[in-house]
Amino acid sequence: MRTVTAPPRPGPGLRVRLPQVAPSVREFLATEAGGAVLLLLAAVAALLWANSPWSGSYDRFWSTTAELRLGSAGFDMTLHHWVNDGAMAIFFAVVGLEISREFTTGELRDRRTIAVPALGAIGGLILPAAIYFVVNRSGPESNGWGIPMSTDTAFVIGILALFGPRCPDRLRLFLLTLAIVDDIGAITVVGIFYTDHLNPVGLAVAGATVLAILGLRWLRVWQLPPYILASLVLWGAIHVSGVHATLAGVLVGLLVPAVPPRPDQVEEVPVYVRALQEDSNATRVGLAVAAAKATVPANDRLQRVLHPISAFVVVPVFGLANAGVHLDGSALRTAATSSVTLGVAAALIAGNACGISVAGVAAIRTGLGQLPGRVRYGHLLGAATLAGIGFTISLFITELAFTDEALQEQAKIGILAGSLVAALAGTVILRVLGERMPLCSPMTDEPVPRLPPRPWRAPVPAK
């Protein structure tokens with residue numbers, strides 16, 4: 001059968017050849033490592049800006065008010081709140097889309113595959129919160145127990161990318177699955193424990209919008225515009241309700257259909273393509289494009305649109321808006337003895353390393369799950385330590401947990417210090433112990449070869 005090679009891009013070529021991006025650069029930008037580098041650069045820029053002679057402009061800029069109004073209704077927030085309440089809804093929508101896809105068609109369908117990272121994530125949620133609460137048992141400081149409960153997936157996967165082939169693929173899968181379960185826990189904490197002053201009207205409108213999205217699913221609506229319009233209404237309703245508006249992104253991500261297309265939908269595409277080949281006109285082009293799009297779940301198409309925006313725009317801007325901690329001598333001396341700073345740092349480093357590794361080993365030893373492939377206990381410990389890099393969601397919860405700016409500054413210093421130590425310690429553990437400890441689940445990656453049927457005879461020697 002003759003294979004047809006598709007052109008690199010559809011449509012006629014340009015008359016003027018534009019410079020092409022190197023394949024290595026394209027591959028880098030397509031990975032989590034690219035987003036992690038941008039986030040790191042944004043955080044460094046925020047720190048330099050906040051500690052420069054122009055530090056006052058940092059606070060003034062993010063305190064600038066921006067208004068979005070339609071008639072008598074509208075939203076009036078500072079740029080800082082637009083980033084945290086508005087733009088971050090896109091980030092959480094991507095998280096919800098990934099969770100929904102993994103549960104529908106991905107790795108989260110297999111109980112034994114998800115058991116180890118799921119139990120590890122639970123350990124990584126409970127122990128850090130417990131360590132922080134032991135250090136801060138009372139007063140407004142105790143509200144920060146949710147800060148060290150999250151893992152920054154972009155940073156962790158970015159660090160693993162530096163190891164290249166030496167890092168088992170199954171370890172990346174373990175961390176991605178752990179991050180998904182971890183995000184579910186962090187989102188639940190935000191929705192339940194960091195919400196107050198509920199508005200019944202806003203909740204009612206939000207509930208009706210969720211029902212409308214479910215109705216779109218039931219009707220098998222595959223086009224994206226109805227879901228996007230409902231998402232905007234849901235965001236506004238949840239923002240008015242008093243629940244943190246980013247929950248709208250999570251709900252939309254979970255509700256957008258991720259079910260693979262039916263066989264008859266795929267079989268329809270060649271029909272429209274043949275009709276287009278017979279007579280190329282705008283109507284038939286539209287039908288062929290629509291038929292092709294209908295074969296891709298709405299979840300995948302929306303994620304393809306939102307993921308680059310989230311990784312390369314939203315998250316770096318969030319880092320720029322929230323990582324600007326004042327690191328003068330007075331602030332560092334206060335942080336060195338602050339129970340908030342010490343509690344956050346200790347919980348991120350020790351809580352995640354111990355909680356995830358102990359729970360993961362327990363799941364393996366009890367037979368609840370397995371870590372197949374070349375994953376060793378040294379890899380598990382190193383990955384658990386890297387999971388202590390809690391940047392994006394930790395900074396996000398800090399803004400919700402504390403109203404006192406001094407406590408926010410102390411928590412952010414703890415996040416920066418704890419994440420830095422966790423990154424260095426995890427990298428060292430992976431390099432030193434990664435290949436020197438036993439396999440977590442030996443003989444589970446490949447089936448054991450069967451013996452040939454009896455009678456067994458020695459091969460006849462050649463004459």
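Each Cβ is built from the backbone N, Cα and C atoms, and glycine gets one as well.
The transmembrane segment annotation in Swiss-Prot covers 28-48 (among others).
As annotated by Swiss-Prot, transmembrane segment applies to 79-99 (among others), with the evidence given as sequence analysis.
Residues or ranges marked as transmembrane segment by Swiss-Prot on the basis of sequence analysis: 114-134 (among others).
Here Swiss-Prot flags 144-164 (among others) as transmembrane segment.
Same-chain residues lying 6+ beyond the ends of the transmembrane segment (173-193) with a Cβ under 8 Å from its Cβ atoms: 92, 95, 98-99, 102, 107-108, 113-114, 116-118, 120-122, 124-125, 146, 149-151, 153, 156-157, 160, 243-244, 246-247, 250, 356, 371, 375, 380, 383, 386-387, 393, 396-397, 400. Look at Swiss-Prot and you will find 173-193 (among others) tagged as transmembrane segment, backed by sequence analysis.
Here Swiss-Prot flags 196-216 (among others) as transmembrane segment.
As annotated by Swiss-Prot, transmembrane segment applies to 232-252 (among others), with the evidence given as sequence analysis. Long-range contacts of the transmembrane segment (232-252) within the same chain, counting only residues at least 6 positions beyond its ends with a Cβ under 8 Å from a Cβ of the stretch, are 75, 84-86, 88-96, 187, 190-191, 194-199, 201-203, 205-206, 209-210, 213, 396, 400.
Here Swiss-Prot flags 305-325 (among others) as transmembrane segment, drawing on sequence analysis.
When Cβ-Cβ distances below 8 Å are used as the criterion, the transmembrane segment (344-364) is approached by residues 115-117, 119-132, 135, 144, 147-148, 151, 178, 370-371, 377, 380-381, 383-385, 387-390, 394, 411, 414-415, 417-419, 421-422, 425, 440-441 of the same chain, each at least six residues removed from its ends. Residues or ranges marked as transmembrane segment in Swiss-Prot (evidence: sequence analysis): 344-364 (among others).
What Swiss-Prot records for 377-397 (among others) is transmembrane segment, and it gives sequence analysis as the kind of evidence.
Through the fold, the transmembrane segment (413-433) approaches residues 147-148, 152, 155, 159, 163, 167, 323, 325, 327, 331-332, 335, 338, 340-349, 352-353, 378-379, 381-391, 394-395, 398 of its own chain, all at least 6 residues removed from its boundaries and within a Cβ separation under 8 Å. For 413-433 (among others), the entry in Swiss-Prot reads transmembrane segment.
Taken from Swiss-Prot, the feature region 'Disordered' covers 444-463.
The annotation compositional bias 'Pro residues' is assigned in Swiss-Prot to 449-463.
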Cβ-Cβ under 8 Å with the transmembrane segment (377-397): same-chain residues at least 6 beyond its ends: 39, 43, 84, 88, 91, 120, 124, 144, 146-152, 154-156, 159-160, 167-168, 171, 174-175, 178, 182-183, 186, 189-190, 194, 246, 315, 318-319, 322-323, 344, 348-349, 351-357, 360-361, 371, 412, 415, 418-419, 421-423, 425-427, 429-430, 432-438, 440
Tertiary contacts of the transmembrane segment (79-99), as residues 6+ beyond its ends and Cβ separation under 8 Å: 61-66, 108, 180, 183-184, 187, 231, 235, 239, 244-254, 256, 258, 299, 302-303, 306-307, 309-310, 313-315, 317-318, 321-322, 392, 396, 399
Distant-in-sequence neighbours of the transmembrane segment (305-325), which means Cβ under 8 A and at least six residues beyond its ends: 29, 32, 34-35, 38-39, 41-43, 45-47, 49-50, 58-59, 62, 79-80, 83-84, 87-88, 90-91, 93-94, 97, 154, 224, 331, 391-392, 395-396, 398-399, 409, 412-413, 416
Contact set, same chain, for the transmembrane segment (114-134): CB under 8 Å, 6 or more residues outside the stretch: 107-108, 142, 144-149, 151, 174-175, 177-179, 181-182, 185-186, 343-344, 346-348, 350-352, 354-360, 362-364, 368-371, 384, 387
